[in-house]
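Worksheet: one structure, shown below.
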2 protein chains.
Amino acid sequence: MSWGVNRVGTWMPGWVTGVVGGLVRGARRMLPDSRHPARVVVAGFAVTILIGTVLLMLPVASANGQLTSWVTALFTATSAVCVTGLIVVDTPAYWSTFGELVVLGLIQVGGLGIMTLASLLGMVVTRRMRLRTQRSAQTETKSLVLGEVRRVVVGVIVLSLIMEIVTAAILSLRLVNAYGYSWAHGTYLGVFHAVSAFNNAGFALYPDSLVRYATDGWICLPIAVAFVLGGLGFPVLFELTRHLRRVQRRWSLHARITLAGYGLIALVGVVAITGLEWNNPATLGAMDTDGRLLTGLFHGLTPRTAGFNTLDVGEMQPATLLVTDVLMFIGGGSAGTAGGIKVTTFALLAFVILAEARGEPQVHIAGRRLPTEVVRQALTVVLVAVGMVFTATLVLLVLTRFGLDAVLFESVSAFGTVGLSTGITGELPAVGHLVLVALMFTGRIGPITMASALALRERGRRYDLPEERPIVG
Amino acid sequence: MSWGVNRVGTWMPGWVTGVVGGLVRGARRMLPDSRHPARVVVAGFAVTILIGTVLLMLPVASANGQLTSWVTALFTATSAVCVTGLIVVDTPAYWSTFGELVVLGLIQVGGLGIMTLASLLGMVVTRRMRLRTQRSAQTETKSLVLGEVRRVVVGVIVLSLIMEIVTAAILSLRLVNAYGYSWAHGTYLGVFHAVSAFNNAGFALYPDSLVRYATDGWICLPIAVAFVLGGLGFPVLFELTRHLRRVQRRWSLHARITLAGYGLIALVGVVAITGLEWNNPATLGAMDTDGRLLTGLFHGLTPRTAGFNTLDVGEMQPATLLVTDVLMFIGGGSAGTAGGIKVTTFALLAFVILAEARGEPQVHIAGRRLPTEVVRQALTVVLVAVGMVFTATLVLLVLTRFGLDAVLFESVSAFGTVGLSTGITGELPAVGHLVLVALMFTGRIGPITMASALALRERGRRYDLPEERPIVG
Ligand SMILES: [K+]
Ligand SMILES: [K+]
């Protein structure tokens, strides 16, 4: 297995592997042997969203027992499966408990699905690259074998469950002890927000998201830890567990870039957003120093791409919104629950500039050389992402009377599957909601499927045409 | 000469070559033999701006005979030399005729300077690339010879003069015949706006730029033709003259990309902006169909990067501003009077995506293969440009209470040396003016000098490190 998931199955309880057998066989049948495994991801997400839409349209799903319009149901199902968190109706007020459980289920399926499929796609890509460059000493086949797929599926499920259970336990205890919830209600809230946090879904069961808990570190910090870990991605989490168990010493290039890049961008984000909002009386300015630091930390991290808010985003400075736009666009780690173009994609472009500034003919990162085509793939992913956000922003500007601040923020939030909003989501016309649905869907699976499709495709036309250079700049 | 300026000197009158002898020798001494010819460009522009600043500060330069503040003088001088057209004081009201002539002189020096230096840099880059890839059959030296430099300088001056004289003649005739100006005043206005147009400077001698001539094709069209031709760049203009004189049959790759790219983007721009403003009662909506078409045409072209306006930009739709942002950022052709990242730079990135979509290992354009390093250089230029515009936008957002629509527009306009504004330029604090000065300066010479510096630098570290691939997307 290409990024080292060799022994994940060995420390899982037997019943877990049994439960997921069907899923594994289904995934394996389609994924490794297909010439276009990315299509499986597209189809899987589309079908899940359609099932969710139908369930949410049922009268039993709404609090008032009425049929829900297909646009609202489709928007909510897409937002849940794509773990975005944008909402057109208030989650606790509009949906029944059944509706909330459907949302919770969609979040869980979406989060597990994206981690599993993106991890497998990443392995397939790395495998083929190795075979092509013939650097692999072992006899590897082109396709993944059943055992590898099972280990990834089991690993993803077990890691998710552990994280969610621990987070849910802390949240439930706090909600019961400090806020007087019954054990049943507190546990329900704890589980819902833990699942929503680890999967970077951003759905909350309060009309103000988590604003009421802004200064409560026992709520904010466990949630932040959960969404940061989920957002690092399964390959990195798996390597972390192997380092903790001391079965691995060397860090993969992917883990190094993700951890350093995620940390650096998080640091910049926290400092910038805390600084920019420090004296804003409508946000941090109203809190004491401890509250400002905790809330600033949370709002430096939540754009990557958790989507919970403990401040009113609509009251933020335009500069804060712009910084948040960038954080949301970059997003988190690959093959995790975070969205965006991903930390590695962004970092690769930074390393290209660094190589150019140093005048080096090839891109080197931490003693490793980057394959030339990866730079082009990263560039393509970023430019297509920019094009999609630009197009959606333009359409929403035409459809509404909102300014660029709010509309760009909404588009980036949807594409990055973040879920933060300045408050305009519900006020958009139905066409605007469908634009956001398209953005959430492509934002969730686009970068992953595009990058792997580009990396896996056949390369033809090896002969050289005469070279000619236009003037750049 | 690398893009084929071989015979430009032969059809120039002898006295022209005599007049520019000193300039040629000065340019040649520094440019071709230096390891960092880009520094000459930086120093040349900085010195010209400083001289312009001092001249504009003099009491004789202002209409009221008072000393002008250094920030206002520096801003105006930078805007003129960098052929931008952003203004902090109304040009005809604030400056005396001497002040206007200083502005005119700075525009002319800036326009000639950028065309000459960028053309020479482009030749040096292409020359060294050919030597390195050893595709050149002729014995070429690394440096440009005196004759080549002289031909470029003479060619730029003669082409500029011809264009400016023709444009000035048409404008003067129209102003005298249709608007009752005296011959002296009409000729002065004609010359000023012709020079401002061909050099894409955007300075006008009316407080409303050219709004009063919005529906007069005899004013708008000659100006548009002048700024489009100037914006194509000297290498392309020179090839055009050689095709017109039938001494050349094959188009260079640079000319093909520039002409097709400029045309395509112009078409998209004209259609988008005309369509978006068609029913806006504050802009096109107030005109008849002919007026809407002419004004829409003008406002589809002026962002690339002329900067005259015949509509109140502050009244445009947010969507129109966003489209204009993109047009301004792309700009015009290389080694011309237009700014932006340039059509070729933008087109290269588009061709990279196309090559990725087709699964081709190399980037092909019109039967030519693109050197791999050019893609990286184009990417670097674009990302640094995005970074500069982003940083300036952020600073201006913090400094002011304006929204992202207006501030982003202002930053892109300054960086692309466009000169369009929603009207906030004069209202910015002095620090904001200095931010714009820095943007105009780097926007004018940054892409050119960066691209050539990257292309000309020595490449070291040829040995290979082990290859490793992070997950993209
Ligand atoms: K989210
Ligand atoms: K201009």
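For all residues, glycine too, the Cβ spot is worked out from N, Cα and C.
The feature transmembrane segment is assigned by TrEMBL to B:12-28 (among others).
Sequence-distant neighbours of the transmembrane segment (B:40-61) (same chain, 6+ residues past either end, Cβ-Cβ under 8 Å): 27, 30-31, 34, 67-70, 72-74, 76-78, 80-82, 95-96, 98-99, 102-103, 106, 109-110, 113, 117-118, 121, 441, 444-445, 448-449. The transmembrane segment feature in TrEMBL is assigned to B:40-61 (among others).
According to TrEMBL, the feature transmembrane segment maps to B:67-89 (among others).
For B:101-125 (among others), the entry in TrEMBL reads transmembrane segment.
According to TrEMBL, the transmembrane segment annotation covers B:152-176 (among others).
What TrEMBL lists as transmembrane segment is B:188-206 (among others). Listed as Cβ neighbours of the transmembrane segment (B:188-206) (distance under 8 Å, sequence separation of 6 or more from its ends, same chain) are residues 79-80, 83-87, 91-92, 100, 103-104, 107-108, 110-111, 160, 163-165, 167-173, 175, 181, 212, 222-224, 226-227, 229-231, 302, 305-308, 332, 336-339, 417-420.
Listed by sequence, the residues of this chain that lie at least six past the ends of the transmembrane segment (B:218-238) yet keep a Cβ under 8 A from its Cβ atoms are 3-5, 8, 111, 115-116, 118-119, 122, 152, 155-156, 159-160, 163-164, 167, 170-171, 174-175, 178, 193-194, 197-200, 210, 252, 254-255, 258-259, 262, 266, 294-295, 297-298, 301-302, 304-306, 308, 310, 331-338. The transmembrane segment feature in TrEMBL is assigned to B:218-238 (among others).
Per TrEMBL, the feature transmembrane segment maps to B:259-278 (among others).
For the transmembrane segment (B:326-357), the residues of the chain that approach it from at least six positions outside its boundaries are 82-84, 111, 114-115, 118-119, 121-122, 198-201, 227, 230-237, 254, 257-258, 260-262, 265, 269, 300, 303-306, 363-365, 370, 374-375, 378-379, 381-382, 385, 389, 412-413, 415-418, 420, 443-444, 447-448, 451, judged by C-beta separation under 8 angstroms. According to TrEMBL, the transmembrane segment annotation covers B:326-357 (among others).
Sequence annotations record features per position, and here TrEMBL assigns transmembrane segment to B:378-399 (among others). Outside the transmembrane segment (B:378-399) by six or more residues, the chain places 329, 341, 344-346, 348-349, 407-408, 410-412, 414-415, 428-429, 431-432, 435-436, 438-439, 442-443, 446-447, 450-451, 454 with a CB less than 8 A from a CB of the stretch.
TrEMBL lists B:430-456 (among others) with the feature transmembrane segment.
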